[in-house]
Structure formats: C-alpha cells, structure tokens
Amino acid sequence: MGPLRWLPLLGQLLLLWPRAAQPAGPIRAFVVPHSHMDVGWVFTVQESMRAYAANVYTTVVAELVRGGQRRFIAVEQEFFRLWWDGVASEQQKQQVRQLLHEGRLEFVLGGQVMHDEAVTHLDDQILQLTEGHGFLYETFGIRPQFSWHVDPFGASATTPTLFALAGFNAHLISRIDYDLKDAMQEAQMLQFVWHGSPSLSGQQEIFTHVMDHYSYCTPSHIPFSNRSGFYWNGVAVFPEPPPDGVYPNMSEPVTGANIHLYAEALVANVKQRAAWFRTPHVLWPWGCDKQFFNASVQFDNMDPLLDYINQRTAQFGISVQYATLNDYFQALHATNMTWGIRDHQDFLPYSSEPLQAWTGFYTSRSTLKGLARQASALLYAGESMFTRYMWPDPSGTLDPTWALQQLQQLRWAVSEVQHHDAITGTESPKVKNMYTEHLRMGMLGVRKLMVSIALGGPPGSGTGAPKDIMGPQVTPVLSVDTRPVGYSASVYNPLAWKITTIITLTVAFPNVSVTDELGHPVSTQIQNSTKDPSAYDLLILTTIPGLNYRHYQVMHARGDQAGTRELVAPRANTLKFSLKLRNQPSQEGKRLVPVMNDCYILLFDQDTNMLHSIQDRQSNRTVRMTQEFLEYQANWDVKQGPISDNYLFAPNNTAEPSWEAVGMEMVAGTLVTDIRQYFYRYITDQEYIYSIHTRLAHPSLAGELLCQRIEQQYRVGPLDLNREAILRTSSDLNSQQVLYSDNNGYQMQRRPYKAFKSNPIPRNYYPMVQSAFIEDDKSRLVLLAERPHGVSSQGNGQVEVMLHRRLWNNLAWDLKYNLTLNDTSIVHPVLWLMLGPKSTMTALHPRSGVALQHGPVVLLKELADEETPVHGPHNPWPVTLPPNLHLQILSVPGWTYSRSHAQHLRNLQRGHPEKPQANLQRVLLRLRHLYEAGEDPVLSRPATVDLKVVLRGLGSVVAVEERSLTGTWDVQMLQRWHWSTKTDHLKGHPTSPPRPPGGSIITVYPKEIRTFFIKFQQ
C-alpha cells in the first residue's frame, strides 16, 4: 500500500508537471489566523453561538483594532450573520467595515456554510454560496476571492468549475486520500491548476492548494511542554463559557523563559512544510475547531513570538507575518511560476488511514438526506412560481413581502443543511433534529405561499381549507366523510420543458371521478394503496407545459346524477403469488411473467418471485438481471478491529442476503403496472423488512422519458444493530467492473475497481448524488436517485447501492459526542432504472435525472358541498427551453444592491438609516447546459435561445445582464488571476463572450452555467 500505489498516476501527472525545485531562502511564513466553526455537527447553532461563536467575532474585531499588523480570515457566514444581526453594536459594525476596507479582516469562501463536496447537489451548493455572497456584497460591497474548503471529506471535480464561476482566484482544500497526499508532498505537487470539467475552457479552471498532512490546524504537539502548542485560549466549553475564563488545555503562555523554545518549534514546523512546496512561501494556518473565542490571549502570545523570530531571521532562516489568504496567494502569484495541471478527476473517496475509508457518510441518515433534497426541490418550484406570480403583474391579494420571507426562510434552511457535517449524516441526533426542524418550518412556509398562489387569495382564505402541497416523491392523502365532497388539485410543472407524467393521490374511497379545467374526463387508474391497506392510490396522467399548471377536480363518484353518468377511474387488477423461500429449489426461468410497455419487457420468475431479466425493445437485447437486498455486518468493538460509524464504512466481510422469503403481487391497470415484492428476514415473520415497488408506465402513453424509466421505491428497515443495507443489481453486462458515478449531479466520473491490499470493499465505494451507471459495448444500465447514496461495483455486471445504516460502537470519540448512528428509522428511497443502447441512454440520462429531482408539485384544496372548484392561475405562455438546456433557477432574490458596483459602493458610504425594502423587480435567471462536449451528436451542440421569446409570458424583457455565478459580479468586470501552466490547454470550447446589457440572444455551450439579471418592462 502507501505512496507506491499512486506511482502510475503520478507518472502521468508529472508529464504535465514542471520540474521540482527546492525553495530558495529565506522562507517566508504566512501565519493565517482562523477559527473552524461548524454550523452544527455536535452542538446546535444556538448552543455554539452561546458557548463560543459570538465571542469569536466580538473578540477578534476588538483585537484587530488594537494591533495594526494582526489579521484574521472568516469563512462560513451563518454564525457571522447571526452575530451581525443579533449581537454586534453599531460601533462593532463600523469597526468591521473599516477592517474589511484595510484588508486585515478577510471573508474567504463566503458561503452560508462550508458545504460538503461528496453528497451535495450542484444546485444547493450554488444556493448556499449565493446566500452568503449576497449578504456580504449587499452589506459590505465585498466579494470573496478565495476558497477555504479545508474540512469536507474528499474533493469533487465540480468544485473548480463552481468556484471559478463565482469569481475566486485560488482554491484551498485539505482532506484527500492519505497515501496520495503523502506522494504529492514528496513530489512537491500539492499546488496545481485544476481543470474541473472536460468540456470547459481554461476560463473555468482554478489554482488549487492542497494543505499538507498537518491540515488546517496548528501543530498541537510542542516538545518542551505536555500541553498543546499555540492554543492559548484552550478548548471551548459548552453550554456556557466558564465564569473564571479558564478553559481546558490552554497552552503555556509565552514568556522570556520559553519564547526561544516556542520559536524553535514554529520554525522547525515551517521548514518541514517548506520542503513539500516549490516556493519559499509557506502557508501556516493558526487555529483549529472553535478557536479564537478569546482572541486577546491568542494575539497577546503570538505577537511577541512573531517579533522574536523576525528579529532573528538570519539565525532562523525564515520570516513570519500575520496574513490573510489574499496576502499569501498574492505572494505566490507574484512568483510567476509555471504550475502543473490536474485534469477533471476528483479526490473521492477519502481515506484518512489504511483502514479508515470515509465512505459510510454517503448513506448515513438517509431520511435527512431525502428531506434536504425534497426541501431543495420545493424551494426550486416555489421560486419560479412566485416569479411567475409577480410578472407581468401580480393579480391576487398576496403580500409580496410576506411571500419573499417564506422563500428566504427556506433558502436559509436548505443552505444550512449543505454543511459538511449536516447532509452528510455525521452530526449528533440533536443537531439532526435542528436541521430537520429548520427544513420543515421552511417547507411549511413555502407550502402556504404556493397554495396561496395556485388556489387563490392570501394564506388561509376562501371557504375551503387548503389541504397540503406535495413535491416529487410525496403522495398527498385525501380523506372524505359521508357528505359529497371533492378536491381542487392544481399541478405545477417547475421545469422549463413540457412534461408528460403520472401523479399519485391517496384517497379513502375506490369510486373517483376526475375532470380537468375544461370539465373533460382525464386518464386515471385506482388501486389499493401501498401505504395504507384501507386506502386507495389514484393515478392521474397529466401533460403540463413548462412553468405552467394543470387543474383537476377530484370528486367522490356517485354514479348517475341528474341523468349524467360520471366517468369513474378504472380499478386495477391485483394478482398475488405465493411466498417463495430464498433457497427453495426451483426450475429457474421456466415460469416467467412478462410486464411490458413500448420500451421494455420485464420478466419476473414465478418460482422465485424475483426479477429475472429485462428486454430493451429498442435494441431487442435481453439482459439477465436480478435484484436483492443484502447487509454488511459491522464490528462494534474497537478492540476487535475497525468500526463503522457516521463517517466510516468498515464491513467485517462481504455482504450477505438479509432475507429468507419473498412475496410478490402484480397490480395491472390502464396507466401502469406495479410489481410489489416483499422481503421477510425470517419465514416466520409477519412483517416484511424490505420491499421493492416497481412501476412501469404503459405503451399507450406519450413521452419517451416516461416510457424509458423503470420506477422503483424501496422500504428498508428498521435494521438490526450494526447492519448496513444494500440493494444489489446483478446483470450479465460485461462491465469489466467499471462504474460511473456523478459529482454533485453535474458530471460523471469513471470508477474502475481498484484492488487495494486492505479495505477493498469500502475504498471502492463512491458517492452517487444523482446518478450512476455500468455498461458494456452494447448497453448501459443507468440508476437515478432522488437522494444521495453510496454506490459500488463489487463484481462484473454488478452495481450495489447502500440504502440505510444502523450502527453503534464503543469508540470513545463517538460516545462522547453521540455520533454512533443508532438509526432505527424506516427509509423509502426511490431509484429510476433505465436500460438501453449507450446512445439512447446518453440522450435521456441528464434530462431524466432533472425530471426525478424536480417532478410536478401537487397543491390541494378541499371543496365544500356547493363550492365551485378553484382553477387557479392560467399562464397562456409557457416557458420552454431546448432539451439540452435546464432552467437552473428563476427567482426574485430580493437583493437591494445596485447592479453598478461603483453606485453600490457610493450607496454604502452614504449609509442607510433603515434597512431598504427588498427589490422585487430584479429577476435572477440561471441556465445550465446538461451535456458534455461530444457526448451526443445533437444534444451536445451549443444551445442558442432568445430570452425575449423564452420569457415572453413574464413580460417584455428590456435588459439582460450577465453576472457571475452568485450574482455579485458583472461578468464584464470580472478579471480572475491567470496562473501559468506548462502546456496550453487545447481542450474545451471558447467561452461565449459576454454580451452588452440588453442583448437577449444567448448561446450556452456544453456544461456551461450562465447567470443573468433580467429586467422587464414595468
């Protein structure tokens, strides 16, 4: 193991790497004071604010004012915003403005949080960055220019593109595979220019600095003391700061007796690090988790130490200075060195030691992961619905200020949960509950907003009661009493494409009639519910233009009324099969039951109750395919070996089947056929522990996206303790054990199986944020997910998805912070499967992933006996984009800053006696090209659209201004630093040139993301 395993990779990289050089002295150390402030993790946000976070900003500001040479970088915005709005005095606010102006306080990264890179979706990464950047720019007129991504557990290749588009000049990471980092240190390859996307030009690359193995914390061991070094304020105490100001583990104060020893320790560490880099400039991070809550004692000890070293530069061979990232990267950039290039590979998965693979968190707390994505999808729909309500003219009584507040609350919650100890599932239970509460409260507000828009009037108005709103993968439940009663259902399509799909409502009666807004009957199906044996699932076929509505009336059918025969939803037929044992002898493949549509024939084996094969009707190829649930067993005792926990995946052995018997039933109707498989852990069990509900839409339905997908929803749990559950799909595809999985729903990574000498199973697990696939020379099997999972290919033709984990161990760290993941929940994840020729799958894969993430939203209102159905808004002009272009956001952000940077700075200098009202006139539009260059002969072409035509339903477009990713830069003013590389990058297309404001015809190239402010005629 160790660095030798990476020699082939390093050999390839060195071809693009300049010859290593030893740093020319004297060494210049940049001491960067910082505090790593997790937005959650072990303690809630409010607990952290009370115990230490507020004191960080209060004391740092005071100490920076005291000493002109002092510096500090601030990273995540959530704690700072809470301090700014709820703690800071006017004097402190003015001091912050002055320190920012002087460059002694620097905001880096600037997002609401430091987001995880493995399991977060691109849309949500952009959201949380936009939230933080919007606040900083609106409040101070500043725009962060460097990243500080030091704690996410691995690094995604999406990040270089993301941060380049945000305007960053350099990027800093830390957690990459331990043996790769060791090898890169020895080869002086920790700094390079990273090309994030194979399709994009060098304008969307970024200079990247990988921290050495000391990472972002100051070395804690000093040879002359049994206390930690350089942590003079000690360790934060919860729930309250100690009244005497004495904290645990406070470093020995710097005195005349020990200052030389301190200096020797610091100098030795700087020199050790300098050998790992190509220049004499050394970044020396001073800080760690929850530091600088007493900045006075920190600086009062470091000041004399730095002075002591600088007075003896000739003796020590180094100089030291307080620095921000701008100071460090400016010095590095001024060397004009030629840097190596890293292509679009990521740094995933991440292992910190040989037996510590951080791949368990890809699945930990699956329920929270699912809720976070549901909240994101709801916010996405709510943003465009509110924008369509506001333009061209608000027609209802809705208060726009209240509406924007609901959206802002959910923006905050969705941004917060992207933190690297949030959606990852690596937080304590009470912090998980905090994230959940914030998400649910935000979703409730946006639900009220959407019901008000779609069903008319202010929140709660009208004679009928709004029932609820449901996003994708959530089924609304309608109940009735003995009176004739019905429901008005509005279905909103948040995508800028026309869609044909099936929505599901759960009702309490089998006789239902459904009509559209014109009173015409629609295609429906009713069947026994999968959730409640006393209820029924009502399926409705719907076709909806982009950013538009369909309205339906759902009534309890009474048969003949006044001579009119109601059209009742046809009832599906159910066929049940007897229970089958897993090890029961059978003549496999002799009694197959087909389920088919225009695209597929699914064959199920009556003798096993298992999927047998799938025929792709386009290519006429039949692929043998089985699916089953298995479990990995995890060790709980640290004395017995490696353990699994929230972070780590360390199975004892290969996965074993977790069931003894399986039942099956088929429910066939006019719209779909459902196949329901129930897996029992033991033959004597009355309750099943696992299930697969497979749905195939029928051939008469239009729409290739609907026909080409096999929808599956699973039930998993509750698990036995120390079990990690997977769904393994095995096929006869000759995949060569090569898996492809996505980075953040943006780009795919090739994942060949690696034969590690130790820990091979978990080190071959990868994050699947939205999709994964395996293929051979003829066919591709695609899996699409509505929440993150761990995914792996442990055998040829296999792909396994980890669905759930339940763990407890006796590791002292986990027990101290309650991080053992004893998750007793039942989870219901969804996957869509697609199988077909690679060309067909290439075309359908990106659009289908977006369709799963952003399904139609159903809004319901109960009707009284005589009440007329509410048909809600009708938008005559849909918003329609080409199939290779995705409407990533359409919103009214509410920012008050001027689009002119100079004017905005003048406004800030004048000051505002009161906070200005939100700007409801500015519309934010972001478009994303879904395809890689050369991926598809048609869909990989640049997409050209006229925004005046696309947005005509919102009004007359009078100006189009292109902005940076988070909206704070006019792209015509954005000039990022150029870092010289050995080879000119010839790959990628030329980025389309910015057009002057008002130019409405735009071209988006493969994988481009372009952001605009749109101005409509008043």
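Residue 1 is the first one shown; counting continues down the chain.
The backbone N, Cα and C atoms fix where each Cβ goes, and this holds for glycine too.
The Zn(2+) site recorded in Swiss-Prot includes His36, Asp38, His420, and the single candidate from Asp151, Asp303, Asp537 that the record places there is Asp151. Neighbour counts were taken at the CB atom with a 10 A radius for the glycosylation sites Asn249, Asn336, Asn528, Asn652, Asn818; the maximum falls on Asn528. For Asn226 (N-linked glycosylation site), the nearest of the recorded positions by C-alpha distance turns out to be Asn818; the candidates were Asn336, His420, Asn818. Ranking the glycosylation sites Asn294, Asn511 by other CB atoms within 10 A of the CB puts Asn511 at the bottom. Comparing local CB density within 10 A for the glycosylation sites Asn226, Asn620, Asn822, the maximum falls on Asn822. By the criterion of other Cβ atoms within 10 Å of the residue's own Cβ, the least surrounded of the binding-site residues His36, His420 is His36. The shortest Cα-Cα distance from Asn528 (N-linked glycosylation site) to any of the recorded positions (His36, Asn249, Asn652, Asn818, Asn822) is found for Asn822. The Cβ neighbour count for Asp151 (Zn(2+) binding site), using a 10 Å radius over every protein chain in view, is 20. In this view, Asp38 (Zn(2+) binding site) is surrounded by 24 other Cβ atoms within 10 Å of its Cβ, with every protein chain counted. In three-state terms derived from DSSP, Asn822 (N-linked glycosylation site) belongs to neither a helical nor a strand segment and is classed as coil.
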